[in-house]
Amino acid sequence: MHKLSPAPGPVPGRDAVAGLRRLGPLQWLGLITGAVLLGDAVVLMARGMFNLGVTLPAVLGLLFMACSLWRSAIARRLRASAWLRRAWWLGWAALAMWLVSLLVFWAHLLSASSGLPPDQPVQAIVVLGSATRDGQPSLTLAQRLDRAAELAARQPKALVLTSGGVDFGESESEGAIMARYLQQRHGLPPERLLMEERSTSTALNLAWSLPLLQARGVEPQAAIAIVTSDFHTLRAGWIAERSGYGQAFTVGAPTPVTIRANAWLREYFAVISGWVLGEF
């Protein structure tokens, strides 16, 4: 008498492949979108970037991947509970509305990236700081400085003020690192440069730069160019007006492509935060 062979158990790898084959087009779209969002966040986190523009895509990526991979289990739970179904669809509707508001905000940023007319003379150029690493400007900050140097070449009588305090883990201020970059890379003479070396926010950048400019004869009502990243011009202009700048013209530098979406996403929340805190 032959013994019956036991039924083969599940093979994890084979079952996973079979599960992927059962995914429909929408599930594949969610899985791929989620993987891209999560991968982008992981790469930026590995480079030391932790902010809402990085962590939120990671969370959304995990959400999309989970909804795609466990679609059947989620559907069973939803069929069993009416209130859970309502919460599910309300959540997706809220996400869709938020995405629309984000796209509208980004479109507004594009239209506000530069407010300086080509023939407008200015008495000073204020460059707002960003991250520095090992005594060097980050790529985002280098773009701002290069943009400021272009403007300084067209405005030979304008003073150039670099503004920014000491970053975590650094021994030099952003203001000093920026000034050195402008001297070494673009040949700006020291007599044209001013440094503000204490600020830790956009509001403080602008507030603490104004007395330094006044000490060199540049009054608050003078025409002043404020150079920052393209995504930051809108908020910087509002804060400058609140800080007492009478004729502030924002000039936007391009954001590096590799972090553009993340930086613009972070700015969405920064504008909300600035409004809540009364910065403008």
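Keep in mind that glycine also has a Cβ here, set from the backbone N, Cα and C atoms.
Within the same chain, residues 19, 23, 27-28, 30-31, 33-42, 45, 261-262, 265 sit at least 6 positions outside the transmembrane segment (56-75) and bring their C-beta atoms closer than 8 Å to a C-beta of that stretch. According to TrEMBL, the transmembrane segment annotation covers 56-75 (among others).
Positions annotated as transmembrane segment by TrEMBL: 87-109 (among others). Panel annotation: around the transmembrane segment (87-109), residues 78, 230-231, 233-234, 264-265, 267-268, 271 of the same chain, lying at least six beyond its termini, place a Cβ under 8 Å from a Cβ of the stretch.
According to TrEMBL, the feature domain 'DUF218' maps to 123-269. Averaged over the domain 'DUF218' (123-269), the predicted model has a pLDDT of 95.
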